[in-house]
Each structure stands twice: as C-alpha cells, then as structure tokens.
Amino acid sequence: MTDNRVENSSGRAARKLRLALMGPAFIAAIGYIDPGNFATNIQAGASFGYQLLWVVVWANLMAMLIQILSAKLGIATGKNLAEQIRDHYPRPVVWFYWVQAEIIAMATDLAEFIGAAIGFKLILGVSLLQGAVLTGIATFLILMLQRRGQKPLEKVIGGLLLFVAAAYIVELFFSQPDMAQLGKGMVIPALPNPEAVFLAAGVLGATIMPHVIYLHSSLTQHLHGGTRQQRYSATKWDVAIAMTIAGFVNLAMMATAAAAFHFSGHTGIADLDQAYLTLEPLLSHAAATVFGLSLVAAGLSSTVVGTLAGQVVMQGFVRFHIPLWVRRSITMLPSFIVILMGLDPTRILVMSQVLLSFGIALALVPLLIFTSNATLMGELVNTRRVKQIGWIIVVLVVALNIWLLVGTVMGLS
C-alpha cells in the first residue's frame with residue numbers, strides 16, 4: 001500500500017514537472033509554421049495533391065530530433081549554442097558566426113513580417129503597407145510581455161500555435177480531403193517528376209530553421225526543478241507535443257491545398273494572395289477568412305520568435321545587449337523598404353529562404369559536436385545511434401539546401 005502511494009506521488013511529481021517545464025518547445029515550433037512554410041506547402045499540395053505528404057512527416061521527425069538536441073544542450077551545460085561557440089571557437093570564427101546568424105535572423109524575419117502583413121491585407125482589405133504597420137504594432141505589443149518573464153510569452157505564442165492548428169482543422173472540414181489518399185500520401189514515398197523532387201527538397205530544406213536552433217538552447221538553459229535527467233525527460237515531452245502540433249499544421253496545409261486546388265484543376269497556385277482569392281469561390285468566404293487569420297497568427301508569432309532569436313545570438317556570440325524594442329525597430333526596416341519599393345513579396349519570400357539555407361549547416365554541425373562531447377554533456381551525451389542519425393540528417397539537409405540554392409538561383413536568374 002505504501003509502495004503504491006509512493007509510486008502515485010512520484011508519478012504526480014513527474015507530471016507536475018512536465019507541466020511546469022512545458023513552453024520552450026512551443027516557442028521553437030512556431031519557426032516550423034511560418035509564412036515560408038505556408039507558401040511551400042500550398043504550392044506542393046496544389047501541384048501534386050497528396051503525393052508529397054510523406055516529406056512533411058519525415059521533415060518533422062528530423063526537426064523533432066534537432067530541437068531535442070538543442071534543448072538538451074541548454075539543460076546539460078547551462079549555456080546556449082551561441083555561448084558554446086563563443087567559448088570553444090577562435091574569435092574571428094565567432095564574429096563570422098555572429099554576422100551570418102544576424103543576417104539569417106533578419107532574412108527570416110523579413111519573410112515572417114511580410115507574411116503577417118499579407119494576412120492583414122487579405123482579411124481587412126488594407127494595403128500591404130498598412131498591413132505592415134499593423135504587424136509592427138502587434139509584434140511590439142506581444143514583445144512587451146517579455147517584461148513579465150518568459151512564461152506569459154510562452155502562453156501567448158503557444159496560444160497562437162494552437163489557434164493556427166484549430167484554423168487548419170476548420171480548413172480540413174471545409175476542403176474535405178480524401179482520407180484514404182491522404183493516409184497513403186503520408187506513408188508511401190512518391191516523386192512523380194523532377195519538379196516534385198525540387199518541391200520535396202523545398203519542403204524539407206525550409207523546415208529546419210537555424211535561428212530556432214540557437215533560440216531553443218537558450219530557452220532551456222535556465223530551467224529549474226528536478227534533476228538534469230528529469231528536466232531532459234520533461235523537455236522531450238514538450239518537444240514531442242509542440243512539434244506534433246506543428247507537423248499536423250504542415251500536413252493540414254498541404255492536404256487542404258491538395259483537396260481545394262489540385263483536384264479542382266488549380267494546380268498553378270504559387271503565392272499566398274492567389275491561394276486566398278481562389279479559396280473563396282472554391283470553398284467559402286469563411287474558409288478564406290480562416291486562412292487569412294491563420295496566416296496573421298503564424299506571421300506575428302514567428303516574427304516575435306525571430307526577434308527573440310536575434311537577441312540570443314547577439315548576447316551569446318558577442319555579449320552585446322540592446323533592448324528588444326530597438327531590435328524590433330531595426331529588423332522591421334528591410335520589410336518596409338521592400339514594400340515601399342513595390343517588390344514582389346512572394347519573390348522576396350523565396351529569396352529569404354535561399355539566404356536561410358546558408359546558416360543551417362553552420363548551426364547543425366556545432367550542435368552535434370557539442371552534444372556528442374561527454375565532458376560537456378555528462379550523462380546527457382548523445383548515444384552512438386543519435387550521433388549517426390544526426391550526421392545523416394546534417395548531410396541530407398545540407399545537400400538538399402545546396403541543390404535548392406543552385407536550382408533557385410538558376411530559376412531567379
């Protein structure tokens with residue numbers, strides 16, 4: 001009887017710790033449903049129906065492992081990835097890392113900020129510039145929560161992630177996909193032609209976000225409660241739940257595009273405005289509005305996460321700190337310049353993804369090296385199998401991004 005009480009008590013304590021430590025992965029998961037993912041998934045679904053859903057499944061599993069490694073580094077060492085690079089690499093290398101990480105954070109933010117502005121434009125009927133002003137105001141308001149600590153921000157961003165997931169449950173209801181074909185697309189790999197291979201690479205290549213790798217390790221480095229092993233165990237639950245939700249959203253995006261566009265002959269849908277305008281007559285005004293709202297929620301939350309990540313890389317690499325509102329003001333400027341110059345926002349989205357591809361290997365390689373170092377990690381060091389899987393992911397993601405980069409540059413030129 002006493003043993004049962006002890007077991008129940010320890011089980012309750014473990015659940016309580018899991019709940020207390022839940023949140024960092026929800027912030028990280030937002031990076032996986034940003035407007036860049038909207039554009040890629042919609043294009044893939046419209047062009048190839050359910051045939052590329054399996055790519056989303058595998059991309060999400062890879063991303064899950066990478067986020068677990070990032071979170072584990074923070075828990076095991078009490079330092080984030082940028083700080084570890086600063087401590088272990090020569091100063092010129094550290095400065096190079098900082099500059100490229102800042103450029104990538106700004107390129108990512110450009111895509112996310114413009115994505116949210118497009119969302120406001122679509123649902124409110126305002127101009128893209130007015131949408132950008134609304135995006136700026138909304139992100140400042142969300143960032144103000146940081147003054148009250150990490151938890152309120154985690155709750156708001158987690159809420160926005162759940163809102164986007166709920167929006168796509170509604171979209172699935174409206175579009176009524178063929179569940180048998182959907183299931184087949186998730187399980188059976190298919191690449192019907194070279195364009196499908198390129199789009200599949202786009203889905204996979206755009207999934208892993210370097211700025212989120214830096215950020216996640218900083219969100220877990222100051223976690224308290226329980227032993228390191230217990231915190232790591234709780235964090236695995238956090239990552240599993242948050243990334244499963246993000247994975248569902250990506251699957252639902254592609255499945256909705258397949259059901260609504262591909263099977264009605266609209267296979268050429270390539271941008272967010274086009275998707276919104278085509279959804280309305282095909283499904284309903286409500287379906288188009290829900291799409292617009294989900295784009296705003298994803299854009300706002302991901303641009304906030306991008307601002308936080310930029311702060312982490314600056315403090316981690318060069319120990320320099322500027323107020324978040326100053327950083328937000330500076331990183332908004334490229335978006336306003338792009339809009340005022342009248343440049344094509346979808347083209348800018350694509351080009352920002354190209355810039356992003358440069359930083360993936362630079363974040364992944366040191367992450368794997370540090371988490372495989374027994375002196376640094378102690379009992380949380382990577383197992384041999386995790387190391388092997390990790391390096392396979394690195395090689396695959398880097399190869400795909402190089403291929404994507406070459407293909408995109410040739411396509412843009």
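Placement of Cβ uses the backbone N, Cα and C atoms for every residue, glycine included.
Swiss-Prot assigns Ala44 and Met410 to the same side of the membrane. Taking every listed stretch (126-145, 156-175, 277-297, 388-406) in turn, the largest tally of C-beta pairs under 8 A with the transmembrane segment (239-258) is reached by 156-175. The DSSP breakdown of the topological domain 'Cytoplasmic' (221-238) into helical (H, G, I), extended (E, B) and coil residues amounts to 11 helix, 0 strand, 7 coil.
Beyond the transmembrane segment (52-71), the same-chain residues lying 6 or more positions past its ends with a Cβ under 8 Å from any Cβ of the stretch are 24-25, 28-29, 32, 41, 44-45, 81, 182, 185-190, 196, 199-200, 203-204, 207-208, 212-214, 216-217, 219-220, 232, 235-236, 238-240, 243-244, 246-247, 250-251, 254-255, 364, 367-368, 371, 382, 386, 389-390, 393, 396-397. Segment contact holds for the transmembrane segment (156-175) and the transmembrane segment (277-297), given three or more CB pairs below 8 angstroms at sequence separation of 6 or more. Contact between the transmembrane segment (197-220) and the transmembrane segment (96-118) is supported by 3 or more Cβ pairs under 8 Å, counting only residues 6 or more apart in sequence.
Long-range contacts of the topological domain 'Periplasmic' (259-276) within the same chain: residues 35, 38-39, 42-43, 45-49, 115, 118-119, 121-122, 174-178, 282-283, 287-288, 291-292, 295, 345-346, each at least 6 residues beyond the stretch ends and with a Cβ under 8 Å from a Cβ of the stretch.
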